[in-house]
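Engineer: Just dropping this structure here.
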Amino acid sequence: MVLTHPRNETNSQRLKVYLFFRITFVFIISLLAIFLYFKGKWPYPSSYFIYFLEWTGVVFFTSFLSWLFWYKKEYRILSSFLLSLDPFLITALIYITGGANSFFSILYIFVIILAAQIFQKRGAFLMAALSCILYGGLIDLQYFGIITPLGEKAEEDVFFTLLINFSAFFTIAFLISLLLEQLEKSRKKIHFLELLHKHVLESIPSGVITVNEKDRILYMNKTAEFLIGYQSQFLLHQPLKKVFPYQKLIPGQRMEFSFVKPDGKVVYLGISVSSLRNETGEYVGKVIIFQDLTHIKQAEKLSLLNKLTSHMAHEIRTPLTSISGCLQMLRKEDNVSFQSKTLIELSLQEIKRLNSLISDYLTFARPVWQKEKVNLAKLIEETVALFKGGLENKKIFIETKLLPEIYILGNKEEIRRIFWNLFVNAYEAMPEGGKLIVSMENSSFNMVKVDVEDTGKGIPADMKDRIFEPFFTTKAHGSGLGLAIVHKIVSEHEGKIEVKSELNKGTTFTLYFPLTSPPHSKHEP
């Protein structure tokens, strides 16, 4: 029968307690024996006192070796050493102190308990059996006169003593095994609940801090560490004021404020505070839950700014229309000089350019309208046909490789604008002619991939990361909003856009859109 040795972390404390009990017990009975011997009250022959001292020396020496094993963390060797040696040492002590008359047979129980803790039920019953064999063998040898007994007992007394002790050994082995099994099950349940509690708190996207009734920090999750810029190991058991020195956090309160992280970065936090109570309803602390509202606040500011600039754009467009009308009327006058007509034409062109810039900006600023199921291949074909019809450079060839019956959820006009802007961008990149290829394929994660590839002059590497920024352009007369509008519309359709480019070889824009089922599909509810 093979026993499984303990894991070091689990049983090191148990072995330490057992060793402490072992040494303390032997030290006390040694002092008591010496006192009785020199007072002349030693109840056994004098020669047995020498045996007792020798026994004590063996115990202290083996205890010293045991502490060395424990110090070096050789717990596997230590547990085997103690459980192999101590039953024999206890048997020797019983013999020295009267055999069947000795009350030290109770010490077997402690070894049985240790065996149960180390090797569970199997170890407990094996140790109980070994204790019965050693103790029963000693009593039998004394009873049959093979070794010298220190007292005489009637036969029935001997058998009764054996019966009582054997029953006690196996009863203790059974009860302690049962108790330890229940404790282990409870420990595993508690450990599981602790892990579940920890994983739940670590998984939520909000920062969580718990404090005791004295406002000292008991717990911080990873999100809290990230949001405030402190590691929990440096804040545990520290006052909450160390994190939020200027805020008075009262249960039931909700508040928002700016917070300066250790690196100097300012974030805007939204905090709610709740009472932490135990099972009896007694107040034991607070739970502080907070989130980073920086992006929300920035979005609110941008939204306000968008409304303001959109209003300004409309206000600017109105006088531009009036000015354009007046200039067109002036142009028709007979007495206008050639030079004045030239200036009028230039002014009208600039007004047209400003009007176009305002239109692009309003397109960029306005939200996506109502969405519907769109046949992407059909829409691309229509846009390509429309674009081909307006081409002035007949040296540009357009090729399509599309998949039929591919549907996405979106706004037709907005998606059409995506590809129109990309086609215009490709056209302007190929002034001497080239090839524009639009291809489509199914991608992973239920997405469709669309490539818009040209053979134009490409994008410089130092500018590639900025091409989607509003008002960034490399063209002499560009508004810088074409690709920014593309990026915005793609994002609002829950898609993604990537760009690859090589100078003098061309550029490829790759778009990803989430697929949806065709209209009136059998998969629809």
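Positions of Cβ are set from backbone N, Cα and C atoms, glycine also.
This is the feature table in TrEMBL:
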DOMAIN    193-236  domain 'PAS'
DOMAIN    253-305  domain 'PAC'
DOMAIN    311-517  domain 'Histidine kinase'
TRANSMEM  17-38  transmembrane segment
TRANSMEM  50-70  transmembrane segment
TRANSMEM  77-96  transmembrane segment
TRANSMEM  102-119  transmembrane segment
TRANSMEM  126-146  transmembrane segment
TRANSMEM  158-180  transmembrane segment
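Are these features on the surface or tucked inside, and what are their neighbours?
Structural biologist: Mean per-residue pLDDT, taken over the domain 'PAS' (193-236), amounts to 84.
Tertiary neighbourhood of the transmembrane segment (50-70): same-chain residues 12, 15-16, 19, 22-23, 26, 30, 33, 77-78, 81-82, 85, 89, 92-93, 96-97, selected by CB-CB distance under 8 Å and a gap of 6+ residues from either end.
Residues 5-6, 11, 15, 18-19, 22, 44, 48, 51-52, 55, 58-59, 62, 65-66, 69-70, 102, 104-105, 107-108, 111, 114-115, 118, 123, 127, 130-131, 134-135, 138, 142, 147 of the same chain lie 6 or more positions beyond the ends of the transmembrane segment (77-96) yet place their CB under 8 Å from a CB of it.
With a threshold of 8 Å between CB atoms, the same-chain residues lying at least 6 positions outside the transmembrane segment (126-146) that come near it are 1, 3, 83, 87-88, 90-91, 94-95, 99-100, 105, 108, 111-112, 114-116, 119, 153, 155, 158, 161-162, 165-166, 169-170, 172-173.
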Engineer: Looking only at residues six or more beyond either end of the domain 'PAS' (193-236), which have a C-beta under 8 A from one in the stretch?
Structural biologist: 242-243, 259, 261-263, 265, 267, 269, 276, 283-292
Engineer: Quick test of the contact rule: Cβ under 8 Å, at least six residues beyond the ends. What residues does that give for the transmembrane segment (158-180)?
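Structural biologist: Beyond its ends, the transmembrane segment (158-180) has Cβ neighbours at 100, 105, 108-109, 112-113, 116-117, 120-121, 124-125, 127-128, 131-132, 135-136, 139, 143.
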Engineer: Write out how many residues of the domain 'PAS' (193-236) are helix, how many strand and how many coil, based on DSSP.
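Structural biologist: Breakdown, helix to coil: 21 helix, 11 strand, 12 coil.
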Engineer: Which residue counts does DSSP yield for the domain 'PAC' (253-305) in the helix, strand and coil classes, in that order?
Structural biologist: 12 helix, 29 strand, 12 coil
